[in-house]
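Mind having a look at this structure? Questions to follow.
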Amino acid sequence: MKIKVLIVDDSALIRGVMREIINSQPDMEVVGVAPDPIAARELIKQTNPDVLTLDVEMPKMDGLEFLEKLMRLRPMPVVMVSSLTERGSEITMRALELGAVDFVTKPKMSIQSGMLEYTDLIADKIRIAARARIKPRTPHAQGGQSGTTLAAVRNPLTSSEKLIIIGASTGGTEAIKDFLMQLPPDSPGVLITQHMPEGFTRSFANRLDKLCKISVKEAEGGERVLPGHAYLAPGHSHLLLVRSGANYMTKLDQGPPVNRHRPSVDVLFNSAALTAGKNAVGVILTGMGKDGAAGMLEMKKAGGYNLAQDEASCVVFGMPKEAIAVGATHEVAPLHELPRRVLEFFAAHGERAMRV
């Protein structure tokens, strides 16, 4: 059975290019195209698509307004098509909160040739979306307890020496938000790699910073890693943990993609294994593929403690599944339980926080 795709975009050019890309794939087909959400509503009823691609900025009805109604009334996998503007990236973050599975950026230059170069990327995103676990959205759909912040870390030594190292991909923006919102202001320092293109990581970090008790920023490289702070890999670089004297520091590296990704979760996890050893706790969240599994195993070998998100709470159970398969994890738990388990581990092992 081919994946049935409905394209919603006000640009005839983009609709044509997307149709060409999707119909060129052996395992998917376009069952309808709509210039606006009003037309899309009828086509959804008629064609019953498996995946919807949705332009974030459209006339007649705002793409976000349409997405919110869709997720409430007929939840389905949606891939947003977004412009590379600051406004576009902010709207995209909101769309992911509302339940879109993923997004793909519109290329800047000559749109048609640029889009055709995106063929593999777009096709991959649609394949992943078709397999994604879509949950009806309620105001607190995902977060179990994301509204509650956990109690402060009891052992001050713990929070200054221990680190939380997080990797995620598809579905990860919401999972990371739900995880970080539970952390207390004196939580150990956090380093995060989320697969996301340049231009979107800053909007994501700014959004998290407004929502969380800890401070969240896009890593610039050279920052001292502090308790109560989270550092997000920028879309153009790998993020690494390094040491300078007694301090943990961030480092950016624009080396080639690893596992087809830059930033790569494996790069971050490998650096944590090397630099922090048993002071690091690794957390692998929802995402497609195997990025992070090998690095998480290195963290385990170096004495770190690792947790994976369970299948039921993942949008895509790929990266956690691979990490579990190679024997890299110590615990597997639902998303809403992971922050508590991490902090409980630190509380129980605080006296062992040691410089390496």
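Using N, Cα and C of the backbone, Cβ positions are placed for all residues, glycine too.
Reproduced below are the annotations present in Swiss-Prot:
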| type | residues | note |
| --- | --- | --- |
| ACT_SITE | Ser169 | active site |
| ACT_SITE | His195 | active site |
| ACT_SITE | Asp291 | active site |
| DOMAIN | 4-121 | domain 'Response regulatory' |
| DOMAIN | 156-349 | domain 'CheB-type methylesterase' |
| MOD_RES | Asp55 | 4-aspartylphosphate |
Where does His195 (active site) sit in the DSSP three-state scheme?
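The three-state answer is coil.
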When you measure from the Cβ of Asp55 (4-aspartylphosphate), how many other Cβ atoms are you left with inside 10 Å?
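For Asp55 (4-aspartylphosphate), the 10 Å Cβ neighbour count is 24.
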List every residue in the same chain as His195 (active site), at least 6 positions away in sequence, whose Cβ is under 8 Å from its Cβ.
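In sequence order, Ala168, Ser169, Thr170, Gly172, His261, Pro263, Val265, Gly287, Asp291 meet the Cβ cut-off.
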So, by DSSP, how many helix, strand and coil residues make up the domain 'Response regulatory' (4-121)?
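Counting residues per DSSP class in the domain 'Response regulatory' (4-121), I get 57 helix, 26 strand, 35 coil.
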Using DSSP with the three-state reduction, classify Ser169 (active site) as helix, strand or coil.
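DSSP assigns Ser169 (active site) to coil.
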By the count of other Cβ atoms within 10 Å, pick out the sparsest of the active-site residues Ser169, Asp291.
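Counting other Cβ atoms within 10 Å of each of the active-site residues Ser169, Asp291 gives the minimum at Ser169.
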